[in-house]
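Engineer: Sequence annotations record features per position, and here Swiss-Prot assigns active site, charge relay system to S153, D280, H308 based on similarity to another entry. According to Swiss-Prot, the domain 'AB hydrolase-1' annotation covers 73-312.
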Amino acid sequence: MAQITTTDANEFSSSAEFIPMRGFSNCHLQTMLPRLFRRQVKFTPYWQRLELPDGDFVDLAWSENPAQAQHKPRLVVFHGLEGSLNSPYAHGLVEAAQKRGWLGVVMHFRGCSGEPNRMHRIYHSGETEDASWFLRWLQREFGHAPTAAVGYSLGGNMLACLLAKEGNDLPVDAAVIVSAPFMLEACSYHMEKGFSRVYQRYLLNLLKANAARKLAAYPGTLPINLAQLKSVRRIREFDDLITARIHGYADAIDYYRQCSAMPMLNRIAKPTLIIHAKDDPFMDHQVIPKPESLPPQVEYQLTEHGGHVGFIGGTLLHPQMWLESRIPDWLTTYLEAKSC
């Protein structure tokens, strides 16, 4: 059975425990605050375009030139829906890795680096092929070094699926999954209720803008036209018309059920830390796995507060991005022990 950890605001503070910023424990404030405190990328990224076997590409944002850092431990970040290096959690963690002497990299999903991808496909919560190919390319190109993968939200569900599918064959030493929607169908309904509809509208606008850019650059590469795209009102409708159809699923519900990581979690073989907040406004209790469903190598941490990929502690004058210490601290055992 997995190790289950809960944190409470009254407990003694350490990097393993999350205490929300005083007066700002509200889930929506926690979700939104990172964009206030982590507005700009504070390092100069080294960009690289990786051509894929099918003629498409993904863009990589490194903390430094990887050819000059082959010996360093590696931390790979998989972002969330319409995320990128500019997402506060992504560049914040890469910067934290850089400060520890590690090589950090964000693998942008297809079409998420600012330039539309070429092929008749996009990315989704269960699309593990690109991540798998990248991790193996990383090892082939730069040799063996301790490697960890971190997935946030959609990228977390994808990473969980990848870990489950490939088991010990996946070339990573450990993984961390944050705020992942392990039950996609339930989360899609939750996003249509109450204040969560604000997040749905925001994300849907990003999805539609990205799809419109793709249609303009590569006409005919999506199964709908611009007029149909403009009429989409819900993420589930977007997934029905585009995500499911372009990737061979019957509809959005079929896609959600086939790509939800929850039924696969018991197959994870690599050491993995999963972090959820009870008050995550993007999802409900159905994403919380049962302890008996998790293998011993999975540690599950459920916090009372934190919102969705928030977890802001400290004070307004001195905010603390808890994930930027919690994740590297947990991974140190796997990355630095083998790099000596």
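Heads up, the Cβ atoms here are built off N, Cα and C, so glycines get one too.
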Engineer: Taking only same-chain residues 6+ apart in sequence, whose CB is under 8 Å from that of S153 (active site, charge relay system), what do you get?
Structural biologist: H79, G80, L81, G83, V178, S179, A180, P181, F282, H308, V309
Engineer: Please report the DSSP secondary structure of S153 (active site, charge relay system), reduced to three states.
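Structural biologist: S153 (active site, charge relay system) sits in coil per DSSP, no helix or strand.
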Engineer: For the domain 'AB hydrolase-1' (73-312), what is the mean per-residue pLDDT, to the nearest integer?
Structural biologist: 97
Engineer: CB neighbours of D280 (active site, charge relay system) within 10 A?
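Structural biologist: Within a 10 Å radius of the Cβ of D280 (active site, charge relay system) lie 27 other Cβ atoms.
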